[in-house]
Amino acid sequence: MITMTQFRKEVDLLGERDVPAEAYWGIHTLRAVENFNISNVTISDVPEFVRGMVMVKKATALANGELGAIPSDIAKAIVAACDEILTTGKCLDQFPSDVYQGGAGTSVNMNTNEVVANLALEKIGHKKGEYNVINPMDHVNASQSTNDAYPTGFRIAVYNSILKLIDKIQYLHDSFDNKAKEFANILKMGRTQLQDAVPMTVGQEFKAFAVLLEEEVRNLKRTAGLLLEVNLGATAIGTGLNTPQGYTELVVKHLAEVTGLACVPAENLIEATSDCGAYVMVHGALKRTAVKLSKVCNDLRLLSSGPRAGLKEINLPELQAGSSIMPAKVNPVVPEVVNQVCFKVIGNDTTVTFASEAGQLQLNVMEPVIGQAMFESIDILTNACVNLRDKCVDGITVNKEICENYVFNSIGIVTYLNPFIGHHNGDLVGKICAQTGKGVREVVLEKGLLTEEQLDDILSVENLMNPTYKAKLNK
């Protein structure tokens, strides 16, 4: 049974409340928990965000202590508390407010101030809640507003999360690249508009998947760099209200040291405090990755379709029974789930777009939902890349005979004859093949367009795999 002795008294603008004695958070967080019961997903469920906010508090304490904005012993205690959170993970579970919240992120900033203050108090031998010694607002939040601390912590967190995503995209890329080498000498039919086109190798197809992911890595790295231009030092609206002389440059310098990232002050702090354009760009890059990854999964599902009435060029690992009514049915469940992840990311991009547009005048209060969308997109894309490699791509095999049969029974190979019989004759050959069911070789020989030796040369496997090879006809 909980008794009143297990609580401490805290006071804010609205009055006095009982706060659990063991909680590192305080009255402002308590009110946020009561006010925003939306998703059952809390800030503690996004630990990278907590770390980003704590890094901001460490950088500001260093700058404030150096400039004399707060006493040096208090600055040291705050820094020590931040270091403990960052190095050990202590208090990461002390952020119970919902990820959906009003107030432009004030609840997250208040929560961070309270946790850091109470941990700092313990480190110097005081009890939680003794705010006359170290105060969440006057000391931890010194020279700050939610409007610069929150977006800066958010940007650092998103940037670091994207680095983890990039690592997993590279992990998936390596699997496709390995398969490209494994399947380098397996001939297959390329298709455009779902119709037979011209031959290629399975290796070339998988290499294209790998290169596609390389492009996304480059694009994400380039775009994520926008997040490192921060508005720390702007305080409420960008004018730097209540900051000491030289604070902005110094605090961003400390932030770069704390994070290990190339953080720079925004060119114009008023613009940076009101604008969310970087989020639109960064999530747009996430959407682009999702669009491309979903297309790859579409291809994997199509190429593995069958087993008797589909393409059946490749085999995906069999992971679970696919039907409650149809015996022996196995479905491409991993590409399917990755498709769904990608759809969610694409939807989140719309959320980020609308929320970024919804600011008024000197502030956009919708950053919490931008944060929720961005962290969710990054998290599920990261997991999807790992899942796709581990449960699908690594185990893909090719049905070589089926692939080659499609090539040699296809009308598409008539394209290789264009330089020798002309496009018009190629059309005629293709039309006869379609009408009669005969093969290209058979019709060309019947029409006397080429000799059997010439056809052997032109339609050799070597020539089909390397279409710039001119064969003996051009020697």
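Here the Cβ of each residue, glycine as well, is placed from N, Cα and C on the backbone.
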Which range of 82-91, 302-311, 322-331 is region 'SS loop', per Swiss-Prot: 322-331
Fewest other Cβ within 10 angstroms of its own Cβ, chosen from the recorded positions SER145, ASN147, THR192, SER323, SER324: SER324
Winner by Cβ contact number (other Cβ atoms within 10 Å) across the binding-site residues THR106, THR146: THR146
Chain-internal residues, separated by at least six, CB under 8 A from LYS329 (L-aspartate binding site): ALA321, GLY322, SER323
Tally of residues which DSSP labels helix, strand or coil - the region 'SS loop' (322-331): 0 helix, 1 strand, 9 coil
